[in-house]
Amino acid sequence: MGARSSVLSGKKTDELEKVRLRPGGKKRYCLKHIIWAVNELDRFGLAESLLESKEGCHKILTVLAPLVPTGSENLKSLFNTVCVIYCLHAEEKVKDTEEAKKIAQRHLAADTEKMPATSRPTAPPSGGNYPVQQIAGNYVHMPLSPRTLNAWVKLVEEKKFGAEVVPGFQALSEGCTPYDINQMLNCVGDHQAAMQIIREIINEEAADWDQQHPIPGPLPAGQLRDPRGSDIAGTTSTVEEQIQWMYRAQNPVPVGNIYRRWIQIGLQKCVRMYNPTNILDIKQGPKEPFQSYVDRFYKSLRAEQTDPAVKNWMTQTLLIQNANPDCKLVLKGLGMNPTLEEMLTACQGIGGPGQKARLMAEALKEALTPAPIPFAAAQQKAGKRGTVTCWNCGKVGHTAKQCRAPRRQGCWKCGKQGHIMSKCPERQAGFLGLGPWGKKPRNFPMTQVPQGVTPSAPPMDPAEGMTPRGATPSAPPADPAVEMLKSYMKMGRQQRESRERPYKEVTEDLLHLNSLFGEDQ
């Protein structure tokens, strides 16, 4: 720790501890920031001794400055720390990191202007971003810039082999040789399972290439051989051979484009592995906006490796079929084959807060609105409500509970004592008659035979079918079922009277209050 913190002298260390990390902040720089900066320099292949002088810090800033706009947070923090150390070596008084950055950038710009025009870094000409450039009539290989490699690694880490990785690889690997493509693949640290899938695809495609392009035979001395599958993959060929195959005058072989196509096949398999959702399973939720559903649908469609005609059919059929019922009702009203713009415009407000508010208002209105009563039913209810009859005195206008007349004793139906109206024996019999002891009736009807009445018609003779005139008609035979019913009813009446006799008098006294008030009621 002592050796690493010795990049600054004691006086400069005191000055470092006075510099604030942020303008107006409380935290200040200390020795642990110097130690962290030394460890970060090792990752960029820079020696820690460069921090001991102003010129060394200038070299570090020259390397880091182009990477700051697209760099990570650690890179930006390292650049800020080196700017502060640079200002301390240059004996510039700074209060915080922002002042140190401004002074360091001003010095870098001044040093760039002092450089001669021939050695000053300039932007490459049109097409200069390609790894292979033509200089003085010769094709020269230029290594990939760290910015390109950083963009590729960030794409893989952020998208996690989503559908965007394939077009991103196509854009970043344009014009690359197999050597450059292998360099891009080697930069991917994580996702080694996906890298292994890509290697297997490369081996399969290389074997197919060797079968389709056999070796023609011995070649004359000095003639360039034709590329094999391993040569296209960059394992058995050099960069110079790859450039010659790509740009020779006779029978050029675009080994870079062929290798890119193999990598794209492997990336497409990785996309399907990392995104197992089938497009048939993409359905709109009941409250999901239509635009969000369309975004998910086309993202899944982009990952599908099918024919364009099949994708067109999926767009025209599944997009409307898998929408929720509200959007589907609107989309079917647009006619045949509506455009995507028309569908988005028509379903713009469905599923949003506006539609929810309208549905809530309609439901609340229906709940608060009373159900209409028909006019005839209302009149009938009003007529019934006006004709209230008292069971005690028989008058109209009040109920038995409100009646002031003396309470009528006995049955309210027949007026007899000893029973109540619900147990009145003179109540009307049903279709199957009255059952014994107040239970349900039996499965035979009860026939009432009047006593003392002589039939007007003579009985029929079963043999002749008619009774002779002048003969006295005999009484009809007694029905055993009627006799059994009568006996059951008599037995039931006796049992009810025996059960009600102990508390009959107490019940009548409680009903009429004769024991308390006597005749004054």
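For all residues, glycine too, the Cβ spot is worked out from N, Cα and C.
Annotation source Swiss-Prot lists region 'Interaction with Gp41' at 7-31, citing similarity to another entry. According to Swiss-Prot, the feature region 'Interaction with host CALM1' maps to 8-43. For 12-19, the entry in Swiss-Prot reads region 'Interaction with host AP3D1'. Look at Swiss-Prot and you will find 16-22 tagged as motif 'Nuclear export signal'. Residues or ranges marked as region 'Interaction with membrane phosphatidylinositol 4,5-bisphosphate' in Swiss-Prot (evidence: similarity to another entry): 73-77. The region 'Disordered' annotation in Swiss-Prot covers 105-130, 446-482. Summarising the annotation, Swiss-Prot assigns region 'Interaction with host PPIA/CYPA and NUP153' to 186-223. The region 'PPIA/CYPA-binding loop' annotation in Swiss-Prot covers 214-221 and is backed by similarity to another entry. Summarising the annotation, Swiss-Prot assigns region 'Dimerization/Multimerization of capsid protein p24' to 274-360 and lists similarity to another entry as the type of evidence. Residues or ranges marked as zinc finger in Swiss-Prot (evidence: sequence analysis): 388-405, 409-426. For 455-458, the entry in Swiss-Prot reads motif 'PTAP/PSAP motif'.
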Long-range environment of the zinc finger (388-405) - Cβ separation under 8 angstroms, sequence gap at least 6: 412
Helix, strand and coil residues within the zinc finger (409-426) as assigned by DSSP: 3 helix, 0 strand, 15 coil
Confidence summary (mean pLDDT) of the motif 'Nuclear export signal' (16-22): 87
